[in-house]
Amino acid sequence: MTNIRKSHPLMKIINNSFIDLPAPSNISSWWNFGSLLGICLALQILTGLFLAMHYTSDTATAFNSVTHICRDVNYGWILRYLHANGASMFFICLYLHVGRGLYYGSYMYMETWNIGVILLFAVMATAFMGYVLPWGQMSFWGATVITNLLSAIPYIGTNLVEWIWGGFSVDKATLTRFFAFHFLLPFIIAAMVMVHLLFLHETGSNNPTGIPSNADMIPFHPYYTINDILGLLLMIMTLLMLVLFSPDMLGDPDNYTPANPLSTPPHIKPEWYFLFAYAILRSIPNKLGGVLALVLSILILIIIPLLHTSKQRSMSFRPLSQCLFWLLTADLLTLTWIGGQPVEHPYILIGQLASILYFSIIIIFMPLTSLMENHLLKW
């Protein structure tokens, strides 16, 4: 008799995706982040579902309903902080996952990569709308500033912004629709994750050498299931440390003040995981230019496979490209720091230089360095 996991139509899909899946024998812990992202998504959907049972998306009661969740609902405080800090863990894993793809040349799997970029946009949109829901000062002003950027689009901009707002300012209609979309998008993301995996399993995983590993594959279970469980334990431990010891470390104190359209906070800034893009936006003194740079800072990932000029797929054996990769990482950390600083003398210039460097490394220096390394191979 055939094993049920190999014969049952549903079990067969699970078996071929997580149990008998052939995986390269040499993939490192950098390949853990895919499974961690799946767990983050599941955690966010679960905690979000329970929060939605007690939340009210009305401007008069939204802030108080979040307070009520934290004070009166059984274990409501842990749900709220797991959800808020879970988003931070989600983005840490996302950025490391994308960084791994860049370093090891995983972007050569075009379909998987492109769906991944769309997923990144979808997760960023979901996180932005979620930040508006507690209806604190930073929620309100963040929503006002970011949605208002669309008014920079020529001809249709103003109409588009008012259409998104559902009125002439961020108000009840905006909050209600943001809640609706914030609830809906994670399920669309979950469906897109399935497509992401479908395309990945068509080609199989990449590995640190960048060389096809068809000759040396091992089953996913038990080798990588146990590896993923270790990563999961480390992530859960980090998340619980955050939630139980310093739940507000990554948040903004201004969001504990109820939204007030009549008083602007001294420094309007998004959550930490958007600060690098926010710094790029602010570094251009033109509204439309800033918006374009903001979108392109993420959209540039789409063209990375076209900029690959090296004869080798991975950066494992390309020391010059490695130097550029870590320079790019340092540059992104610099942009993240600048995004949280006020718009004044030294920070403006640092932000502009870091923004120019960001695009230059990706579009100019990396392809040229790869060509140079190709030439060095002939020596």
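Using N, Cα and C of the backbone, Cβ positions are placed for all residues, glycine too.
The following features are taken from Swiss-Prot:
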type	residues	note
TRANSMEM	33-53	transmembrane segment
TRANSMEM	77-98	transmembrane segment
BINDING	HIS83, HIS182	heme b b562 binding site
BINDING	HIS97, HIS196	heme b b566 binding site
TRANSMEM	113-133	transmembrane segment
TRANSMEM	178-198	transmembrane segment
BINDING	HIS201	ubiquinone binding site
TRANSMEM	226-246	transmembrane segment
TRANSMEM	288-308	transmembrane segment
TRANSMEM	320-340	transmembrane segment
TRANSMEM	347-367	transmembrane segment
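Feature map: Swiss-Prot annotations on the structure.
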residue: HIS83; record: heme b b562 binding site; Cβ contacts under 8 Å, 6 or more apart: GLN44, THR47, GLY48, LEU51
residue: HIS97; record: heme b b566 binding site; Cβ contacts under 8 Å, 6 or more apart: PHE33, GLY34, LEU37
residue: HIS182; record: heme b b562 binding site; Cβ contacts under 8 Å, 6 or more apart: GLY48, THR126, MET129, GLY130, LEU133
residue: HIS196; record: heme b b566 binding site; Cβ contacts under 8 Å, 6 or more apart: THR112, ILE115, GLY116, LEU119
residue: HIS201; record: ubiquinone binding site; Cβ contacts under 8 Å, 6 or more apart: ASN16, SER17, LEU21
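Within the same chain, the transmembrane segment (288-308) packs against the transmembrane segment (113-133): three or more Cβ pairs sit under 8 Å, each pair at least 6 residues apart. Against the transmembrane segment (77-98), stretch 33-53 has more CB pairs under 8 A than any other of 33-53, 113-133, 178-198, 226-246. Within its own chain, the transmembrane segment (33-53) is flanked in space by residues 69, 79-80, 82-83, 86-87, 89-90, 93-94, 96-97, 100, 182-183, 186-187, 189-190, 193, 228, 231-232, 235, which lie at least six positions past its ends and keep a Cβ under 8 Å from the stretch.
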